[in-house]
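Sequence annotations record features per position, and here TrEMBL assigns transmembrane segment to 18-35, 42-69, 89-106, 118-140, 281-303, 344-362, 434-451, 471-487, 499-518, 524-546, 558-578.
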Amino acid sequence: MTVETFVSSSSNSLWKEILVISSYPGVCVCVSVCLQEARCGYVIILMALYWCTECIPLAVTALLPVVLFPMMGIMKAGVSVEYLKDSNMLFIGGLLVAIAVENWNLHKRIALRVLLLVGVRPSLLMIGFMSVTAFLSMWISNTATTAMMLPIAQAVLQQLRVTETQADQRDFEAAADDNPAFELEITETKQDITNEKQPDVPTQPEDRVYEYDWSPESLQDCSRRAATNAKYDLLTKGMSLSVCYSASIGGTATLTGTTPNLILKGQVDKLFPGNGDVINFASWFGFAFPNMVLMLVISWLWLQLIFLGFNLKKSFGCGVKSDRDKEAYAVMREEYRKLGPMKFAEWAVLTIFVLLVVLWFTREPGFINGWATVLFNKQGEFVTDGTVAIFMSLLFFIVPSQLPSCGGYGYNTAGKQVKALPALLNWKVVHERMPWNIILLLGGGFALAAGSEESGLSKWLGQSLAPLQNIPAFAISILLCLLVATFTECSSNTATTTLFLPILASMATAIKLHPLYVMLPCTISASLAFMLPVATPPNAIAFSFGNLKVIDMVKTGFMLNLIGILTVNLGINTWGYVMFDMGTFPQWANTTG
């Protein structure tokens with residue numbers, strides 16, 4: 001077959017272009033370009049399969065571009081520099097803060113303090129646990145938050161079950177005392193047994209027949225016990241799911257809350273270098289926090305309907321607290337009392353944490369010049385969110401964990417050297433708790449993005465998806481969010497965003513759609529893994545704690561997935577549309593030149 005015949009019969013515009021050009025000098029260059037795209041696509045498919053099946057550790061899979069890209073001629077060995085970007089520094093700084101908070105039990109104190117405020121009524125208790133879990137998950141890992149909150153929830157629910165059972169028993173005994181007929185029946189039964197003539201020959205134990213005469217009151221007591229157990233089994237399931245779901249939802253609110261958020265920032269900075277820091281801590285919080293609150297409220301209503309019913313008067317409770325409420329409340333108060341008064345170390349960690357958040361928000365708010373713009377960034381972007389995170393994290397290794405005594409350090413009067421007080425953090429604690437594998441995962445995503453850009457695969461994928469421009473933009477966003485949310489049920493959210501974001505960026509630039517219009521909602525959708533126990537570590541922890549069945553999580557999580565997708569698309573088409581000027585294709589995304 002001649003070149004012209006193949007070209008006329010080929011339906012792929014890329015191959016048409018390559019083969020037509022190959023009729024002229026320079027054929028080797030054109031074929032090389034095509035081979036580079038195919039090789040890069042092979043690496044991405046291979047890594048996707050490894051990430052989905054986890055046949056080798058995720059972090060090891062993320063290292064494949066270091067070997068395969070140079071060997072296949074896609075990129076030079078300099079691909080290694082992609083593994084430590086500014087987003088990695090932001091991630092490390094955020095994790096150091098989280099480790100310090102966990103190390104001094106500050107998160108447990110905050111959780112118990114809030115729960116003491118909301119009370120122990122079922123609906124209020126669910127609101128309290130969901131709010132605290134979401135807030136903590138904004139700053140520390142979703143897994144650590146879930147692992148801490150679930151035992152507290154279990155202890156409170158267990159105490160509620162015990163106190164309600166005891167109260168029902170007291171009510172039953174009081175009813176028996178107030179019912180003369182019931183008391184008379186018991187007395188007559190005892191008299192009959194006493195006056196009964198005993199047989200001359202003792203009956204063998206195996207020949208005895210035991211008969212139980214269940215009175216209506218006894219049957220009512222058994223029914224009440226069964227109803228109480230069934231209610232608390234259902235409440236335990238609902239509370240366990242509310243904790244793990246709110247951990248995933250809360251992680252979407254801040255840039256450092258979960259790994260996909262940082263992957264988005266890194267990919268935007270890599271693919272669109274002139275974006276003007278469009279994604280920073282303040283801009284992400286301005287969009288994602290209202291979305292998180294909306295999603296949390298609707299999720300609470302759904303969980304309330306499924307596990308507690310919609311009897312708000314009974315769930316919230318009115319009037320004076322009952323004895324069972326007071327006893328359950330005493331359990332939480334005792335747990336809080338065990339923590340003792342706040343130590344100097346806790347105050348120091350809290351102060352550094354608050355300062356870090358304030359510096360993040362005021363670095364470059366957008367509507368006014370931030371402190372970084374005035375002091376450092378006049379000639380370029382020298383100070384980023386990662387710079388601030390690392391600077392504040394260094395203080396944990398400098399500030400002592402105890403208030404220094406008078407006289408300072410050095411030598412005492414006996415000439416003996418006085419050791420310095422330990423710092424708030426030491427490297428041993430950091431080394432044990434730092435998830436180093438996530439840093440490699442982030443780097444692997446940046447390497448894939450660089451390889452796709454260098455080989456031309458991103459451009460080819462974008463051109464292949466160009467027919468999507470005939471579909472309304474909001475429909476494109478919803479369809480892609482559904483695709484990502486389904487994919488993330490079977491693979492980690494980190495791997496999902498790493499694979500999808502470069503493709504979405506290429507598609508958006510090809511159809512002249514604002515890249516964040518699809519990248520932002522799909523990134524949040526990658527955290528909406530609510531249907532399967534294996535989807536996220538919080539789901540697995542809740543599954544082991546709450547006596548759940550897979551069908552319980554599937555039925556509840558399916559609706560929550562839809563709720564999350566709809567709320568994030570509502571946000572991107574309302575306040576997000578205004579914040580990021582989604583109506584125009586940004587100049588920094590125009591890569592045609």
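Think of each number as a place in line: the chain as shown, counted from 1.
Here the Cβ of each residue, glycine as well, is placed from N, Cα and C on the backbone.
Any TrEMBL annotation is an automated prediction that lacks curation.
Note that the structure is predicted; figures quoted are calculated from it, not measured.
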Taking the transmembrane segment (471-487) as reference, the highest number of CB pairs under 8 angstroms among 42-69, 89-106, 524-546, 558-578 goes to 558-578
Between the transmembrane segment (344-362) and the stretches 89-106, 118-140, 434-451, the largest tally of CB pairs under 8 Å belongs to 89-106
The transmembrane segment (89-106) versus listed stretches 42-69, 118-140, 499-518: most Cβ pairs under 8 Å:
118-140
Which of 118-140, 434-451, 499-518, 558-578 has the most Cβ pairs closer than 8 Å to the transmembrane segment (42-69)?
434-451
Same-chain residues at least 6 beyond the ends of the transmembrane segment (434-451) with CB under 8 Å of its CB atoms are 40, 43-44, 47, 57-59, 61-66, 69, 74-75, 79, 82-85, 87-88, 91-92, 95-96, 99, 141, 259, 262-263, 266-267, 270-271, 457-458, 494-495, 497-499, 501-502
Can you tell me which parts of the same chain pack against the transmembrane segment (558-578), counting only residues 6+ beyond its ends and a CB-CB cutoff under 8 A?
245, 249, 286-287, 290-291, 294-295, 298-299, 302, 474, 477-478, 481-482, 485, 517, 520-521, 524-525, 528, 530-531
